[in-house]
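Worksheet: one structure, shown below.
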């Protein structure tokens with residue numbers, strides 16, 4: 001199977017995209033190209049196939065994001081979504097739009113593979129079977145271990161989640177650069193005689209862009225207030241980047257000579273393997289709904305610039321329960337500001353960074369070669385006696401950045417109006433301008449003697465290789481309201497909540513905190529906006545179905561202070577429900593048949609979850625495990641922490657140290673010790689668990705570390721550790737993060 005080009009979109013939805021409440025449906029057997037793809041997979045039992053044509057039926061809707069995450073992350077299944085079986089273009093576009101609405105990001109492709117990547121969803125769109133590697137659908141080893149243990153691993157949280165409602169995902173841009181694309185003439189002087197060769201080895205583009213979809217609410221005084229806008233942030237920062245752009249592991253050369261006798265002419269030539277004349281990255285929005293708000297770098301950067309910079313952006317946020325004592329009864333409004341930072345480490349070496357903003361929608365960053373930019377400048381000698389035969393190029397003048405695993409850093413923030421609707425396509429082009437290096441020796445003959453001079457050739461070919469990635473943002477997505485969804489529970493029933501169906505009709509159904517159909521945003525105007533469709537609102541004039549949102553007072557609601565009564569601003573009456581049927585209505589008072597009590601609580605369709613900071617370092621491979629029913633952490637430790645896991649057969653890390661376990665019940669605080677390890681590198685060397693009753697248990701050792709640093713995490717009251725994220729290599733554990741219920 002050849003190495004294939006693909007654009008993989010990795011979504012780790014910290015605030016989940018909204019989707020249908022229907023449970024995972026039984027989908028037909030695959031056919032056509034989908035069957036060909038699955039037939040190449042060794043274990044097809046790990047694959048869940050969805051024919052999007054079946055989703056056109058009203059009773060067979062898309063799985064919700066929570067259900068999809070459970071299937072892919074917890075059960076470690078591979079999902080293949082097939083749009084190719086929809087025969088008409090209009091129907092296909094409609095289902096692709098439904099997909100975008102359900103999961104927060106959309107693609108105009110025939111197929112989408114959905115897999116797990118670093119504990120999150122990875123979306124890989126493609127159009128033909130030969131564009132995808134069947135290995136992508138193979139179940140990983142961890143899936144077999146988790147299946148045997150019965151453990152699941154719910155979606156992870158992010159430190160931004162507790163403060164900032166947002167959807168975040170990764171775009172993995174992968175493109176192999178073929179030998180043909182990097183093939184040039186062996187000789188510039190004797191093109192037709194010396195043949196050609198690939199000037200690259202294992203060349204590829206492999207970058208991971210981080211994307212955030214979020215809302216900033218206006219907060220603060222005029223002149224320094226946070227923007228009131230919908231935000232799309234695209235970053236290549238220190239926490240993403242990928243493997244980089246690679247042309248060669250090292251630079252080699254070949255020597256060629258003239259095939260005829262020369263007197264006063266070029267007689268010898270060297271061709272050196274390819275380097276990058278420039279690297280270019282272009283960001284573009286497809287329409288004027290989105291405009292560039294901020295970029296980093298903000299200006300051009302000279303060569304030999306080496307510094308770690310922070311790109312910060314301040315947003316206005318609701319602040320959550322900590323700021324408002326009203327909790328889920330609080331209207332959506334900015335009560336705090338939050339600075340979202342990205343660290344960008346620069347070491348430009350031979351290159352100058354040139355920023356070019358063509359208009360409000362497009363900006364490009366070009367790493368343009370400035371130091372030793374010509375073949376002539378790479379020469380380490382100018383003349384020699386004629387009998388000297390030596391390679392005249394000093395390849396040490398070419399930094400590895402020019403050909404091996406170049407990783408750029410940049411940050412682009414787009415804004416849209418707070419009232420913007422519709423959608424925008426965002427396109428990212430990542431490219432490298434490949435050039436071979438040609439140098440020649442010229443024989444100078446002057447009867448009584450001769451010598452040679454060295455030269456570089458600049459009128460030589462360049463070849464730009466580009467990989468494009470795109471994603472579509474739906475401006476009507478509920479994350480752009482900036483609020484946390486809530487439900488409305490009918491208090492005369494033990495377990496009934498207001499639920500909306502696909503036609504907007506309202507009914508009472510069993511409460512489910514993960515259903516978007518039972519979730520609403522209580523907005524600035526006091527309207528209850530459906531999280532399933534942000535264009536529909538609860539209207540006191542028509543309580544059998546949601547109505548298009550407008551400025552009518554019948555759509556505005558207030559909570560009567562000190563009660564569980566939700567009153568309509570226009571009529572002054574309270575929302576009530578029939579105690580037998582759950583039918584909604586407005587009433588001045590309750591009676592034997594009608595209750596006015598309505599309970600509201602936050603729903604977790606946005607999957608907000610609290611986590612500890614990362615204790616230690618985010619080096620090595622990240623592994624995510626759910627804590628088992630015994631609530632224990634299993635450890636192998638000695639001079640440092642060798643391995644961690646939620647079970648003795650799920651340990652990740654090295655094989656050293658002795659095995660023990662830690663009781664995670666009743667933990668009050670966790671202190672991590674890290675620093676310069678006596679046996680090499682910066683390591684996490686010890687974890688100390690302090691319990692509610694004052695007991696302490698330490699795993700690892702502090703005896704073999706210098707320049708020690710301690711980080712302490714205090715667990716909130718009644719919080720339980722439910723999940724682990726562990727960073728490790730084959731020797732030691734590097735870092736750990738604890739997720740709470």
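Cβ from N, Cα, C; glycine included.
A coil conformation is recorded for residue 200 (disulfide bond) in the three-state DSSP classification, outside any helix or strand. Residues or ranges marked as disulfide bond in Swiss-Prot (evidence: experimental evidence): 182-200 (among others).
Per Swiss-Prot, disulfide bond is recorded for 497-511 (among others). Under the DSSP three-state reduction, residue 511 (disulfide bond) is assigned to coil, being neither helix nor strand. The number of other Cβ atoms within 10 Å of the Cβ belonging to residue 511 (disulfide bond), over all protein chains shown, comes to 21.
Residues or ranges marked as disulfide bond in Swiss-Prot (evidence: experimental evidence): 537-549 (among others). Of all Cβ atoms in the protein chains displayed, 24 besides its own lie within 10 Å of the Cβ of residue 537 (disulfide bond). Under the DSSP three-state reduction, residue 537 (disulfide bond) is assigned to strand.
The domain 'Ricin B-type lectin' annotation in Swiss-Prot covers 484-575.
Swiss-Prot lists 607-741 with the feature region 'Beta-prism domain'.
Here Swiss-Prot flags 1-25 as signal peptide, drawing on experimental evidence.
Residue 200 (disulfide bond) and residue 511 (disulfide bond) have their C-alpha atoms 59 Å apart, to the nearest angstrom. Applying DSSP to the domain 'Ricin B-type lectin' (484-575) sorts its residues as follows: 6 helix, 33 strand, 53 coil. Among the listed disulfide-bonded residues, namely 182, 200, 497, 549, the Cβ with the most fellow Cβ atoms inside 10 Å is that of 497.
Under DSSP, the residues of the region 'Beta-prism domain' (607-741) split into helix, strand and coil as follows: 0 helix, 80 strand, 55 coil. For the pair residue 497 (disulfide bond) and residue 537 (disulfide bond), the Cα-Cα distance reads 16 Å.
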